[in-house]
Amino acid sequence: MHWITRFSAFFSAALAMILLSPSLQSFSPAAAIRSSHPYADEFKPQQNSDYSSFRESPMFRNAEQCRSSGEDSGVCNPNLVHVAITLDIDYLRGSIAAVNSILQHSMCPQSVFFHFLVSSESQNLESLIRSTFPKLTNLKIYYFAPETVQSLISSSVRQALEQPLNYARNYLADLLEPCVKRVIYLDSDLVVVDDIVKLWKTGLGQRTIGAPEYCHANFTKYFTGGFWSDKRFNGTFKGRNPCYFNTGVMVIDLKKWRQFRFTKRIEKWMEIQKIERIYELGSLPPFLLVFAGHVAPISHRWNQHGLGGDNVRGSCRDLHSGPVSLLHWSGSGKPWLRLDSKLPCPLDTLWAPYDLYKHSH
């Protein structure tokens, strides 16, 4: 359990920095998505960065008490924990750090199967992943064709929210093998600081997805005035208790998803959006329209979200109260960009130990 001591040290250091900084402030979930800043160019991803320069990850082995995979070491092995993450050249450093964090904190790392979603076949990301994690055998690359969803995407408040790969999670039930009945979907801008199997074992009851919910958020802000004033739409949530949830951390029952054809339901709302303009925030609102009020609640410890803040100089996010199992830099600010720019937020120091980029910090 050496990682507990290591994490505690980083955690304590970050908290001390938070207490000493008068400029830290909190943002609502909506603000974390919408925020922008006058220094944006300083934090833009560098398209020509040498993303092949990653250190090789050490080998992570299962503890003795882990269930044996037996002869079946393929994706259909019932003892596997399935995790889906996108691979994009601009966020690749974040994705690799996320994988590294999961392996470091898992008691049974060899029982975790990673499903990587890519939207380009020309960047050879599979070779990069395999060279960075040479001992990781439980992985597969899935090509998500941008044209699958391109015609359904509407303009958003941030161009980054319009990228087709943001919508790949809508198609996990189609992309992954039919034998995969459940999957954890994770964004690329987070690290896991607890055993992922605890999240995997979350009970969903009769629900199709599970996620931490935030019922204090002003739910009406996620849709336009036209949506709420139109009789065709304003009854959508009737009989439901809709709450905001962040789609960057979800446990998904793929069997139910396939059974009830939720991909088609999401696509229907995206088609309406193209004509009616009922929301502004990219891939999140269609999920809210379909699932809000029908989500199995998961402990907030599994999504300490909004840590990206808005990159305004001297303005950073604090942690929510309570225990922490997952740190999520949602919002426009990413820890690797701030660290490289020598303008980090205190909590970015908790991301840095999982960074495998050779020439960082």
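Glycine is treated like the rest: Cβ placed from N, Cα and C.
Per Swiss-Prot, the features are:
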CARBOHYD  Asn218  N-linked glycosylation site
CARBOHYD  Asn234  N-linked glycosylation site
TOPO_DOM  1-6  topological domain 'Cytoplasmic'
TOPO_DOM  28-361  topological domain 'Lumenal'
TRANSMEM  7-27  transmembrane segment
Under 8 Å by Cβ from Asn234 (N-linked glycosylation site), counting only residues of that chain that are 6 or more apart: Phe227, Trp228
Other CB atoms, at most 10 A from the CB of Asn218 (N-linked glycosylation site): 10
For Asn234 (N-linked glycosylation site): DSSP state (helix, strand, coil): coil
